[in-house]
Amino acid sequence: MAGPEHLHPWLSIPFCLMYVAVLLGNFILLFVIVTERSLHGPMYLFLAMLAVADLVLSSSAVPKALSIFWSLSKEMSFHACLTQMFFIHVSFIAESAILLAMAFDRYVAICNPLRYATVFTHMVVAKIGLAAIARSFCVMFPTIFLLQRLPYCRHSAMPHTYCEHMGLARLACADISVNVWYGFATTLLSPGVDVVLIGVSYVLILRAVFRLSSKDAQLKAVGTCSSHACVILMFYTLAFFSFFTHRFGHNVPHHVHILLANLYVLLPPMLNPIVYTMKNKVIRGKVSQVLFRTGQVR
């Protein structure tokens with residue numbers, strides 16, 4: 001990572017604490033959803049998928065970053081780097097698809113509640129999860145071949161804490177325009193389209209909410225969507241800022257870019273379970289019950 005190496009041990013402290021929070025928060029959320037039959041509805045199943053994607057995203061990047069900070073291992077083979085890149089990007093694209101599914105879930109629940117049970121069956125939710133994984137693999141699989149075809153002239157050092165597509169491509173001593181345009185196109189056509197569709201669903205949700213005659217119904221509808229909106233804002237703001245800075249933000253200091261790139265694999269996965277637990281009374285109650293039972297057993 002760019003910056004004085006004597007700061008690495010100090011940087012490792014917040015990174016390590018945040019990663020522990022990611023593991024605890026998401027595993028507790030998963031445990032509660034899996035073990036409580038009342039939480040086997042579509043919204044909670046999507047939330048479980050989100051927790052799995054968050055765990056894969058952060059666990060693909062953070063352990064290696066910590067080993068760099070602690071000077072345990074600062075090297076990685078090319079194929080290991082490809083593997084890390086693949087899982088980071090696949091989990092990011094899958095998470096984007098899950099957020100889109102959650103937005104559609106809220107749209108149907110608020111704008112067409114009578115059809116909710118028939119639209120979001122367990123089979124449909126399972127198919128959406130499989131489609132999210134399949135799309136991620138289809139988008140990222142070609143990048144492996146696009147990177148393997150490039151000639152790498154010598155042993156290279158990447159000024160980053162984890163491997164990413166354009167960071168690897170820039171180590172090549174050949175024309176990487178195909179990689180640049182493929183990365184740009186897939187970003188616009190997968191997470192980019194997801195953002196647009198999420199925005200459309202929320203416009204329709206807000207229009208339906210403000211047509212409600214009851215003030216209490218309006219507040220309840222806004223409350224059910226506010227946690228999802230917070231998650232979306234955190235996730236896409238950090239991710240797209242990192243993406244566009246990597247390609248166009250040549251005036252942005254390199255250490256700032258790397259810090260933001262690390263935050264996008266840490267901050268949303270850490271805050272997602274906290275936001276959903278705090279905003280959702282059902283989840284908050286179930287988590288409290290599980291923690292209370294655990295405390296009694298001890």
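Just so you know, glycine gets a Cβ as well, placed from its N, Cα and C.
Where the annotation comes from TrEMBL, it is an automatic prediction and has not been curated.
Per TrEMBL, the features are:
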- 25-276: domain 'G-protein coupled receptors family 1 profile' (DOMAIN)
- 12-32: transmembrane segment (TRANSMEM)
- 44-62: transmembrane segment (TRANSMEM)
- 82-104: transmembrane segment (TRANSMEM)
- 124-147: transmembrane segment (TRANSMEM)
- 188-210: transmembrane segment (TRANSMEM)
- 222-244: transmembrane segment (TRANSMEM)
- 256-276: transmembrane segment (TRANSMEM)
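As a quick check, the transmembrane segment (222-244) and the transmembrane segment (82-104) clear the bar of 3 or more Cβ pairs under 8 A, pairs 6 or more apart, so the two touch. Just going by CB pairs under 8 A, the stretch in 12-32, 44-62, 124-147, 188-210, 256-276 that sits most against the transmembrane segment (82-104) is 124-147.
For the domain 'G-protein coupled receptors family 1 profile' (25-276), the model gives a mean pLDDT of 85.
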